[in-house]
Amino acid sequence: MRSPAEWSQVNEDQCRHASAVLEIVGQRWSPSILLALARGAERFTDITAVVAGLSARMLTVRLKQLEAAELVHRSVVPTTPVMVRYHLTPRGVDLITALRPIAGHVQRWEGEGGPIGS
């Protein structure tokens with residue numbers, strides 16, 4: 001843990017980047033989509049099959065956002081019909097690794113008062 005003397009050395013650029021990441025991850029469905037991809041889902045229908053309640057329209061929107069953030073890579077396989085696959089980028093894999101402690105926190109406290117701020 002940092003000492004109080006080190007707190008004043010928080011890098012403003014790092015805070016801005018962290019806020020941008022949290023904004024993306026904090027959007028509804030984004031964590032579920034990233035987790036589905038981390039668990040092996042590759043196609044649009046794979047993701048909708050494992051993320052209950054996610055509409056096709058919202059999945060399209062979120063995948064575009066995650067791709068723009070360089071967390072997800074979209075590849076088109078030239079078959080008939082065309083097949084589109086999605087994979088986590090190295091940045092996306094690293095983010096999933098960073099989110100695991102948060103998921104552990106949620107599981108630990110899930111039954112005791114619900115989410116933070118509720």
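Glycine residues also receive a Cβ, built from the backbone N, Cα and C atoms like all the rest.
TrEMBL lists 15-114 with the feature domain 'HTH hxlR-type'.
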Handout entry: Predicted model, mean pLDDT over the domain 'HTH hxlR-type' (15-114)
Key = 93
Fill in the blank from the handout: Its residues classified by DSSP, the domain 'HTH hxlR-type' (15-114) shows 60 helix, 12 strand, 28 coil
